[in-house]
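Record features, source Swiss-Prot:
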ACT_SITE  D218  active site
COMPBIAS  355-372  compositional bias 'Polar residues'
DOMAIN    1-76  domain 'Ubiquitin-like'
DOMAIN    213-292  domain 'Peptidase A2'
DOMAIN    374-414  domain 'UBA'
REGION    332-374  region 'Disordered'
Amino acid sequence: MRITVMTAGEQIITLDVDSQETVENVKALLEVESNVPIQQQQLLYNGNEMGNSDKLSALGVKDDDLLMMMVSNASSGSATSAAGNDLGMNPDGSALNPAAFQQHIRGDSNLMGQLFQNDPELAQVISGSDLNKLQDVLRARHRQRSVLQRQKEEELALLYADPFDVEAQRKIEAAIRQKGIDENWEAALEHNPEGFARVIMLYVDMEVNGVPLKAFVDSGAQSTIISKSCAERCGLLRLMDQRYKGIAHGVGQTEILGRIHVAPIKIGNNFYPCSFVVLDSPNMEFLFGLDMLRKHQCTIDLKENVMTVGGGEVSVPFLQEKDIPSRFLDEERVPNDASSSGATVPSGFTEKKNNTVANPTSQQPKRQNTSEGPEFEAKIAKLVELGFSRDSVIQALKLFEGNEEQAAGFLFGG
């Protein structure tokens with residue numbers, strides 16, 4: 001018959017055994033599968049401990065039944081084996097040789113990095129010089145682990161007391177699922193530890209209208225963005241065209257105040273023309289988006305950690321973490337509310353122009369002028385010659401305020 005054994009560590013083991021098999025022989029099989037010595041195994045069936053000499057059939061174990069294996073503490077054996085090892089631990093969780101333990105952990109930069117991320121208090125103590133405090137923290141961590149382990153064992157024991165209970169089955173399923181998540185996390189720590197590190201975004205040094213700035217390079221943003229305060233500091237706010245108001249969509253959304261059609265930017269030693277979408281975003285100064293990356297043939301070279309411009313005529317390095325203002329790094333650490341902050345907008349940013357004018361009464365005469373006069377009629381005639389009806393041509397020209405090229409593109413696009 002087939003039985004399933006679940007360990008206290010939530011490992012699932014399936015065994016094919018005879019119904020007349022003794023519990024001791026089952027434990028021998030489990031020792032091979034789990035590496036837990038027979039002496040430390042404690043098998044439970046329906047919440048009751050199984051004796052080594054008992055047979056499975058005598059205990060009522062049937063095909064597809066579930067057993068639970070607990071592991072008893074072998075503190076004396078652990079203490080003996082740890083005595084010859086300076087890096088060993090005492091039964092209370094403290095280090096046998098705290099100085100050697102501290103030195104060993106300090107020498108592993110990857111482990112220290114994980115500690116600073118997962119247990120900053122312990123990492124700070126290891127970095128310090130107070131060995132007594134280190135021992136106290138290690139004992140506290142050991143007590144916490146012991147309490148959690150005991151709670152888990154008690155909960156599992158209650159679950160397996162009635163394994164056919166629906167709620168118990170649901171909790172067992174959740175425990176198995178969590179075990180898979182934990183194993184995936186442990187595998188990532190071993191094989192992909194950089195996945196837990198904070199990624200430093202791409203910044204380069206630029207000058208906008210003669211003002212030095214740290215530009216955030218984001219190929220996921222449709223347009224190049226400048227904040228209202230930054231545009232004012234660069235002397236460009238007076239050039240903002242408010243007819244280009246709209247909504248910026250990304251992770252969240254924010255209002256587009258207008259557009260600055262062209263201004264000089266300096267990358268390396270060269271000057272380039274650049275247009276900007278202006279946002280009222282205090283958390284983001286200047287974002288170099290996909291429109292200008294394409295226009296100036298920029299290449300993001302992550303192997304060399306540089307951005308090349310103009311097909312390679314200029315190459316500027318991406319800034320190291322120490323060169324990036326701390327306020328930008330803080331924004332990366334703490335996610336902002338998408339509805340109130342432009343910091344969540346840039347990556348994946350697209351702009352949606354708002355054709356609704358703020359003051360219809362004052363703007364209406366301008367719209368009427370676009371549909372009057374010989375110039376407008378000449379545009380209609382050109383587009384009608386392309387095969388479009390006069391009514392659709394007039395509607396398209398009015399939609400784009402007399403812009404013949406945009407109207408033609410709209411008509412051809414259906």
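Glycine is no exception: its Cβ is also placed from the backbone N, Cα and C atoms.
Looking at the domain 'UBA' (374-414) alone, the prediction's average pLDDT is 78. Here the domain 'Peptidase A2' (213-292) is broken down by DSSP into helix, strand and coil counts: 15 helix, 41 strand, 24 coil. Using a 10 Å Cβ-Cβ cutoff, D218 (active site) registers 22 neighbours.
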